[in-house]
Each structure stands twice: as C-alpha cells, then as structure tokens.
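Q: Below are the features listed in TrEMBL for this protein:
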type: DOMAIN; residues: 77-326; note: domain 'G-protein coupled receptors family 1 profile'
type: TRANSMEM; residues: 61-84; note: transmembrane segment
type: TRANSMEM; residues: 96-114; note: transmembrane segment
type: TRANSMEM; residues: 134-156; note: transmembrane segment
type: TRANSMEM; residues: 176-200; note: transmembrane segment
type: TRANSMEM; residues: 233-257; note: transmembrane segment
type: TRANSMEM; residues: 278-296; note: transmembrane segment
type: TRANSMEM; residues: 308-328; note: transmembrane segment
Amino acid sequence: MTLIAILSHMSPVQKVVPQYLPGNLSCADLVNLGDRVNQANFSSVTEFVLLGFSNLGEIQLILFAVFLCLYLIILSGNLTIITVIRLDRSLHVPMYFFLGILSISETCYTFVILPKMLLNLLSLLRTISFINCAIQMFFFLGFAVTNCMLLGVMGYDRYAAICHPLRYPILMRWQVCGQLAATCAVIGFLFSLTGSFLVFELPFCGPNKINHYFCDISPVIQLACTETYINELVIFAGGVLALMVPLTFICISYGFIVRTILKIPSTDGKRKAFSTCASHLTVVIVHYGCASSVYLRPSTKFSSNKDRLVTVTYTVVTPLLNPMVYSLRNKDVQMAIRKVIARGRFYPKAL
C-alpha cells in the first residue's frame, strides 16, 4: 500500500501529524502513530488506583487508628453541635443557625473522603472506579466551596450584629438566613459541577495511579493524556473566585468590626465583642490558609508528599477544629450542652 493510499484513509488529525515529524518514519510507523492519536480521543481508563499512604508500609496501621479516632471525634462533635442547636431555643439565632449548617456541611464533607481513606489504609486493593472518582470529586468540591461561602456569610452576620445592632433583626431575619444558606450551597455545587466537568471531560488513556488518598483536582488532571492548560486555567480562576471573594468579604467585614469595637468605651464591652468573633476567626485562618496553599497555584506545581500533609489538615483537622473551637471557646454552646444533658434529652432520636 502506498503512502498516498494510507493517508487517504487517515482522519484529519492523522494527516496533520506527519507534517511535524522527521522524514525517516516508515508507513507502518505513521499508521501506528495514527492509532495512538485515535486512542487519545477517548478515555480507556475505567478505574484509578489511590496510592495514598501506601509508601509508609506498616505505619499505615497506626495512621488508620489515628484517623479513625479523629473521624469519630469529628462525627460526635458536629452531631453534638447540630443536636444542641436544634434542642436549645436560646441558640435559635442566626449565628448558631449558620454554625449548625456549617456542621452539617463539614460532616458530609468528611464522609465523602475519610471512610474510603480508612478502607484503603487496610486494603491492598486501593482502586476506585472512574465514575466514583468523579462523584467523590464533585461532592468534595461542592461541600468545600459551600464551607467557604458559609464562613463568608458568618463574617457578615458578625458585622451586622456588632456594627448595626438595632437593624440586626431585620438584616438577618430568618427568611434572609435561609436564602443565604441556600445560595451558599447552590454556588458551591455550581463551582463543583464546573470543576469536575473540566477534569473528567479530558481523555484518560494511560497511567491510572493517583498519587493522593482521594480524587483531588491536581493529582487527577495530571493523568490526562492531552494538553490540560486551558482546563487548568479555568479551574485556577474558579479557585481564586471561590477562595478570595469570601475571604476578601470577611476581611472587609472585620475591618468594620474592629473599627466599631475600638469605639466601645468599656474594656469589658470590647472583650465581649471580640470574644463573639474569636471562634470564627480561628476557623477562617486555618481553613483558608490550608486551602489557599493548595488551590491558589497551577496544578503542575503539585507536590504529592507536601500536599498530602496540607490536605490532611483541611480534610481532617479543620472539621475537627470547628466543633472543638465553638464548644470550648463559646460559653453559650457550653451552657446549652449542660442544659440538654441535664434535661436528659441528648439522644439521637431528638434529631
């Protein structure tokens, strides 16, 4: 078969490729190259392997015990906050309404990641199907961005309470609170849908080993067998919006809060006003600090060992920090827990 006959049966993509190749390739080489180009037009990968902490050997058993304990503490802590806010009428105010929503989101957020991670720590078979990997990324990103938005809304709530106390009941009436919470969730999952689509619409036809313990954007997109620059650029822009817009909003809110607090004449009044913001600020610093270090940079700079440590912080430590900070530092929550326990109403059916 002549070269002209071969080219006549090739696709347009295959016809273009030889123009940029050395002239010493045979007709068979051109045909094989064309076959490889065709293979890049679809995903042949049906499952991925989550390498996770497999390089740590027997230490994985210790990690399993540690992460299992932390996961149980996260579940019990967040469920405690949700239950107490539900049962104690003194906590039926906007600040604790958003705290309850944040606790629900954090519980779902950890449920998407940690059970699979714990299972992989005990298993030699660390596979996850292509579809399940996409689903995991979708819900992880959805709840993560929702948490960012909720922290921004909680900052606005503190601003309204401290800077506009007389208008606070109107500014943060229950209808507005419900709309704000719903908007956070909608924005979160719209970002998630876009990001997941930009990753999984790429062809995966070669390596399938994800150097991470869950399907995160950077380690997955690196396995694509095509150019990913445009997809990464759009995802990066989305990450900047999802992180920096609410963070900027929080900083502006606290700028007004600090200015208002400094005008309070009494020291006790200043201390009380600052104490209502301390818990929120602690969570904001940890959450945004860790997330920004991973997502506010190109995926090509992904460093598996360093980023695994950072992601453990915001997938395990931050959800653990929320209930601990809000229960240990917040006297209202502490008193509500004592009252609920004293009444003997603290049991799962109360939910």
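Residue 1 is the first one shown; counting continues down the chain.
Each residue, glycine too, has its Cβ placed from N, Cα and C.
A TrEMBL annotation is a machine prediction, not a hand-curated record.
For each listed feature, how buried is it and what is near it?
A: Within the chain, the transmembrane segment (61-84) has long-range Cβ neighbours (under 8 A, six or more residues past its boundaries) at 53, 91, 99-100, 103-104, 106-107, 110, 114-115, 117-118, 121-122, 316, 319-320, 322-324, 326-327, 333, 336-337, 340, 346, 350-351.
Distant neighbours of the transmembrane segment (134-156): 95, 98-99, 101-102, 105-106, 108-109, 112-113, 116, 128, 180-181, 183-185, 187-189, 191-193, 195-196, 199-200, 214-217, 220, 242-243, 245-247, 249-250, 253-254, 280, 283-284, 287-288, 291; these residues of the same chain sit at least 6 beyond its ends, with a Cβ under 8 Å from one of its Cβ atoms.
Within the chain, the transmembrane segment (233-257) has long-range Cβ neighbours (under 8 A, six or more residues past its boundaries) at 145, 148-149, 151-152, 155-156, 158-159, 162-163, 191, 194-195, 198-199, 217, 221, 273, 277, 281, 284, 288, 291-292, 295-299.
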Q: Return the average pLDDT for the domain 'G-protein coupled receptors family 1 profile' (77-326) as a whole number.
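A: Value for the domain 'G-protein coupled receptors family 1 profile' (77-326), mean pLDDT as a whole number: 87.
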